[in-house]
Amino acid sequence: MRPFLDDAKRRVDRKLSASRQSLSTSRLLPSALPDRLKDNHDAQVDFTAPPGGSGSREGHLQYMQQSIFGMIAAVGSRSDFHARFDESSDSDGESEQRPRKESSVRKGTSASANTSSPLDSSQRSSSRTDGKSEKESGTRGRRHPRTISDHKLFRPFESNSKHEPQTDPSTGDEMPNISPPTRPRSATPRAAPILSRMVEAQAQFDLKASSTERSQPSLDESGEKGPRGASVSPLSTRLMDMFGFDKPEKVLVEYACSLLQSILLQGYMYVTEGHICFYAYLPKKSTVAIKSGYLYKRGRKNPKYSRYWFSLKGDVLSYYADPSNLYFPSGHVDLRYGISASLGEAKEKGREPRDFQVTTDQRTYYFRADSSMSAKEWVKALQKVIFRTHNEGESVKISFPIESIIDIEESPMVDFAETFKIRVIEDDDSYAIDEYFFTFFNSGREAFEFLRSLINDQSLKISSQHLSPQPDRSPRSDPTRKSRNRWSLTSGTSRVLGNSRAETQRKASASTSHTSLAHDVIKSSPATRHQDSSESILNSFEQGTESSAAWQSMTDAAESASQILNRSDVFQSPTIHGLDRRPSGGERRGRRNSDETARSLSTRANVGTGQQIDELGRRMDGDTSGREARDSTGESDQYTQDPTKSFSGAPSLNELVKAGVYPLQRAAGLAEYLRTRSKQMSNLLASESMGYIEKVSGMWTGGRKHYGEAEDVLPDDQDVDPEDKEDGCNYGDRFRAHFALPRTEKLQATYFAYLHRVLPLYGKIYVSQKKLCFRSLIPGTRTKMILPLRDIENVEKEKGFRFGYHGLVIIIRGHEELFFEFRTSDARDDCAVTLHQHLEAVKFMAESGLLAEQEQNDSEAAMTEHRMLQEARYDDYGENDLRPLNESSELHPIFDDPRASIVNFKPAESLRITCLTIGSRGDVQPYIALCKGLLAEGHRPKIATHAEFEPWVRKHGIDFAPVEGDPAELMRICVENGMFTYSFLKEASQKFRGWIDDLLSSAWASCQDSDLLIESPSAMAGIHIAEALRIPYFRAFTMPWSRTRAYPHAFAVPEHRMGGAYNYITYVMFDNVFWKAIAGQVNRWRKNELGLKATTLDKMQPNKVPFLYNYSPSVVPPPLDYPDWIRITGYWFLNEGSDWTPPTALCEFIHRAREDGKKIVYIGFGSIVVSDPSALTKTVIESVRKADVRCILSKGWSDRLGDPASAKPEVPLPPEIHQIQAAPHDWLFSHIDAAVHHGGAGTTGASLRAGVPTIIKPFFGDQFFFGSRVEDLGVGICMKKLNVSVFSRALWEATHSERMIIRAQDLGARIRSEDGVATAIQAIYRDLEYAKTLARQRSIASSTPFSPTPSAKTTAEQDADDDVEDSEEWTFVGDDTDMEMSRRLRDRAISDADMLPDRLLANSVPGDSGPGRKLSGR
């Protein structure tokens, strides 16, 4: 595993060293630019300004303010609320604070480096310098002045645990020293456990007490393993090593089966000459959500149930008030400390319960599901997680002697599998009987018959040995039975050595934090007992209060104290440790039982008197069976009856010192108990290091802290949070307890800041290896935020909302921005630098479920053990005789994989699919790609668009239907007015009212004979045509059109980030403004030609329509608040480059530039309107020369719709620029180093797919949106103005910024791996039934025949129609969310899918030929 980690680190080092620069922003510093690229006199001039105003040349006319939303933003920017968005925010903290930021980074790096030895520091620094810096400087030929601390970047990913030697010469103990991740006492004080609750929990788990209660394995110390002769098979040898047999045993037979407990464990059963063994390999993943959904939760004090969205991921059950805001949990249940999960009692007879509860060591949580089946599923999932957390590891091993088996009987549970039960006697002392259930999906009858015959042969022997035992038989007389009959869940690193002492077989089952099912066999060795007895004095001083409660609960338990204590995860460590927290290595190994297993009864028995123990034994003799009594004496009396076993020899000096400081420790323990248990006493006691007022004042002063590898504060950081130093608690423990994070999550830095949501909320920011967390500090608030760093796209600095504060914006994938405010610019800048450092580190580190190096090693070891076992099987039987587990034990379909679908969504018949769109070439091209995919699927697609695209469409074998409208004229309106702005709609309604009428009528005619309609919403007619034809209707578009808080509407992108509320309102306003502008003409058209009644925006419900977005989820991640009928499929690319032959002149120009060592850029703004095309051409020429690059130019701004008044002679092009007329993007962009264009959806997708940095100069429409996305992703630059100063600097940065180049290449690789057309087709299949349901709802609401001419109606019929219109039967009403409604509609659609043709036929008028007929009126 180490070589893999080293290689990964070297790869990341190589990528990061190439992009060494300031991390406070995503752009290069001005100091890194050549002097020739400094600002000139034209820095504020925009040569791409449209005609129509003299002020445009001075840059005062902004394109976004041509929209109605731009006017709102322009007016609002004059208020104090938008003062933070002034242009000075771009330079705030940039030039003045950069030296300070750099020095702080260097200072933090040096401080952290000083914590290690000078030799280590010198070695690390030399290796970094020689291995990365010099190599990169030699290969790249340049070095950026800003550097990143590699030590800070990659320190968190290394394991911090120091592995202790696993052998002690004095004791011969080989048990590893693994410290459990105990919960911080100050954060979560642990109450005295109630043993009866744990007994009930174990019964509900179906983990029988006897199955986990094993006697200590005892082997003859002088005995040796049997010789491994030449006849011993590899499988026998492997089983001997894995299960600790004395000698290799011949394998008689093996079966693939499953162990049935509270969960189903798939594995193998091996039947040897003396044992029946079971082995299951359980790889774990902690980053995948196991289950999620809505549940009701009861409050701690309020009996009312509240509805939350729950998500079970890893070891934590989190719940959220809003399922679309998963970064702000309302709370969580840490299942690492869980005891049980069980169903509640049924409140009504004959009805199964919907309530269930989860019990932890702190409290019991009560939940209520929507149905009894859902409650059962949740309980099953929770039991599985608790089972795994209590028994941490990656393999399950069970073995029991054949002679201990009492009987075997069938236990049928399901029809498709054979299940039988094996009853086994545990040992001679307790006579306990274990029951094991094994399920076979194949060969079950054969296995049952074989085992039954094997057991019957020894039935008399078993009866004589176990039912009539000899009273004087010692446990050591039969070592086989007691040492083999055990259950363990172990990681691959835990091996049982047969020739070692009995103590060596008690190695920790799990390599991480918790005890395993084998913890009942882990007992103290003599050396350990001696250390525990001395330590118990100190424990008794601080645990007196809890011990008394524990004694009382022990006497009332249904099982013996030793049994529960040895199997309890709650007793894994003392609640209050001793004051001496730095024991020596030998002491740590001697006291490992207090860290890895439950604190045994011996530690308290040494404190109590012999009378207490005797009284406890008498109570247990009277209340329990002989088994419990024997266990209690076996576990406790052996330590108390002979005190010399615990206190052998004279007391050591260390023990005398501990006993001497008893008064101080007693007082400290009492103060600790009162402080952690009582809020009132904590306010009264003056035991803290500073007063309450001083502590609060320190918190409100704000500040920052950085933490080293051991999570200690670096010396240069001021101490502003003295609470962290209290309780002897590690700095990171409190952080992990607040957010229920694993031990592998190491704290890196903390800051005090305000989080702006509705109101500013003061709290603390935590930065760890892979998380950004926030916790409110205002009394009465419980806001918490857990944000994975991999979900953060960028971090930007802005002015604060309030005067004197400094803002920081966190841009999140698929989520609205988060705004933080800091009191000082230093803290804000330091936080920005720290976040950028961690973002760079996690950028190329793919997160898996195994984060820590130790966990990776353990997983590798378990996987190696599993692989070696498989190899041994194949060596014994050959590949033809054995089938792998995944084939031989395949689950029945009742155990359905949620990731796989059980329904074939592809329709059986070929569909007639019409794609309706208007606009430019970029609007039509994606539909050609989609239709080519539909043709390959056997469907009959057709594209309805402008007539000038007909040859292009038909060239690809796609049917075509014309739609009225001149795209050139439409382009002129869009450029001059902004796309779908108020001025656009006003001019269109005045000058193009007839154009809209022709568009609607021609679209209606073109969409006839269709079974499915897919429309760009800009065409305006599709939803009404689908309602009239009563066919399923989809929408598809190249820009965001659905309401979300993550992104603003593509036509209303603000100058600065406005937050989620503004983003959402832009969609609402646009929908209403757009509909108001066309409502009159559309309703007239509906009545006259479609035969439909007038409609409104509420009746249409456009937000319920299934939507396909043809851009990449890597470019525009799906927002968390999108319903499940909205899908981002990926780009629909039309690859035409393979059929295109480039001109010779173009190839020679590219070849010449490569020989000269010059970068090549493409510049083309498409068909735009500018006031002075010649001036724009001159600007491009000067910028190319100034940036010292070569240019391939596509000059569309002077070819179409130019201003005749500005016509001037063409400017001659220098040899550095080669002009082309047209070239396929997929070919051209693969031969350049950077692309400059207008930011259209198709062109942006093509340049990003090629993996080249992209410079965007937006003009109108969605171009502003994609420009902002490119800049947020760090793969390009969005220019607000175009002049020589700005353009030349952007060209140089795009071709020289290694950071931008690497990000663009990474994004391009992800886009090329997508198949947007195939994903879109599958989305159509999946949502087709849902779309049919919506069509049925609309047809019921309209209930009018397909006739453009209204038929004569009676008064009653007219009144009935009016009732239908008023009722709005198909409008969604209620509190259901979109996702809930979609699920209900899907369920209804599945049951009613076959009714649609009959209903459509019944609703049609006589003589109709069906939905696809043409209207006679046309």
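Glycine residues also receive a Cβ, built from the backbone N, Cα and C atoms like all the rest.
The region 'Disordered' annotation in Swiss-Prot covers 1-59, 83-188, 207-233, 462-651, 1339-1418. According to Swiss-Prot, the compositional bias 'Basic and acidic residues' annotation covers 95-105, 127-139, 147-166, 615-633, 1380-1391 (among others). Annotation source Swiss-Prot lists compositional bias 'Polar residues' at 106-115, 209-219, 486-497, 534-575, 599-612 (among others). Annotation comment: Swiss-Prot describes 249-288 as domain 'GRAM 1'. The domain 'PH' annotation in Swiss-Prot covers 289-387. Per Swiss-Prot, compositional bias 'Low complexity' is recorded for 508-519, 1341-1355 (among others). According to Swiss-Prot, the feature domain 'GRAM 2' maps to 733-799. Per Swiss-Prot, UDP-alpha-D-glucose binding site is recorded for SER920, ARG921, ASP923, ALA1223, HIS1225, HIS1238, GLY1242, THR1243, ASP1262, GLN1263, and the stated evidence type is similarity to another entry.
Across the residues the record lists as binding UDP-alpha-D-glucose (SER920, ARG921, ASP923, ALA1223, HIS1225, HIS1238, GLY1242, THR1243, ASP1262, GLN1263), the two Cα atoms farthest apart are 23 Å from each other. When the domain 'GRAM 2' (733-799) is classified with DSSP, helix, strand and coil residues number 10 helix, 38 strand, 19 coil. Under 8 Å, Cβ to Cβ, and six or more positions away along its own chain, HIS1225 (UDP-alpha-D-glucose binding site) finds GLY1137, GLY1242, THR1243, ALA1246, SER1247, ALA1250. Counted within 10 Å of its Cβ, the other Cβ atoms near SER920 (UDP-alpha-D-glucose binding site) come to 18, all protein chains included. Long-range Cβ contacts of ASP923 (UDP-alpha-D-glucose binding site) within its own chain (separation 6+, distance under 8 Å): THR917, THR945, SER1016, SER1018, THR1038. Sorting the domain 'PH' (289-387) by DSSP state (H, G, I as helix; E, B as strand; all else coil) yields 19 helix, 45 strand, 35 coil. Over all protein chains present, the Cβ of GLY1242 (UDP-alpha-D-glucose binding site) has 23 other Cβ atoms lying within 10 Å.
Its Cβ placed at the centre, ASP1262 (UDP-alpha-D-glucose binding site) has 23 other Cβ atoms within 10 Å.
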